[in-house]
Amino acid sequence: MGNNLGWIRVGIYGALLAFSFILLALSCARINYTLHLPRGDPLNGGRVFYDPVIPELIFTTLVTIGWSCLIDAVRSPFPRLYGDELIGLVILWFFWIGGAGAASSIWGDLSFCQQFQACRILSALEAFAWFGWLTLTGIITLSTVVVLRSRNHGGKGLAEPLPTLNGAVEERKENMGVEA
């Protein structure tokens with residue numbers, strides 16, 4: 001698994017990135033709809049509004065997209081260790097569980113209104129919020145298993161360097177940022 005770990009991580013991060021982009025697009029579509037309700041629309045008496053959870057989902061997706069690009073950057077100085085990655089992932093996990101939970105508690109079961117496009121967007125929004133959270137949970141689980149296996153086999157644990165795409169592990173330079 002060591003040789004494939006870099007590719008597995010890229011695949012999972014790719015899925016997280018895709019779910020984030022889709023959720024961002026759905027959130028933007030929802031904001032556009034609620035801020036430009038057509039005259040006579042039965043939703044909210046035709047008065048424009050926005051759902052408070054939508055800005056939270058937009059923030060979460062933008063931060064996740066930034067994190068996913070940062071983690072895949074080959075020469076990024078942070079994060080280089082599993083401990084660094086886990087800190088960022090846990091913070092993102094709380095954002096995602098908050099957004100997905102809030103969306104589910106506000107909208108709940110939407111099976112009664114699937115004939116309306118706005119309702120189908122909300123259903124997709126909820127689904128992709130949970131898909132993103134589930135993917136993030138998978139990345140955290142994978143990283144935690146690697147850290148625990150490393151510690152049990154005399155490795156560095158949380159100080160273990162992240163793998164590269166070819167499965168090798170780049171050693172962190174001892175004097176990073178210090179000129180010789």
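Backbone N, Cα and C atoms are what each Cβ position is placed from, and that goes for glycine too.
Record features (TrEMBL):
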{"type": "TRANSMEM", "residues": "12-33", "note": "transmembrane segment"}
{"type": "TRANSMEM", "residues": "53-74", "note": "transmembrane segment"}
{"type": "TRANSMEM", "residues": "86-107", "note": "transmembrane segment"}
{"type": "TRANSMEM", "residues": "127-148", "note": "transmembrane segment"}
The transmembrane segment (86-107) versus listed stretches 12-33, 53-74, 127-148: most Cβ pairs under 8 Å: 127-148
Given the transmembrane segment (12-33), its same-chain partners at Cβ distance under 8 Å and 6+ residues beyond its ends are 50-51, 54, 57-58, 60-62, 64-65, 68-69, 71-72, 118, 121-122, 124-125, 128-129, 131-132, 135-136, 138-139, 142
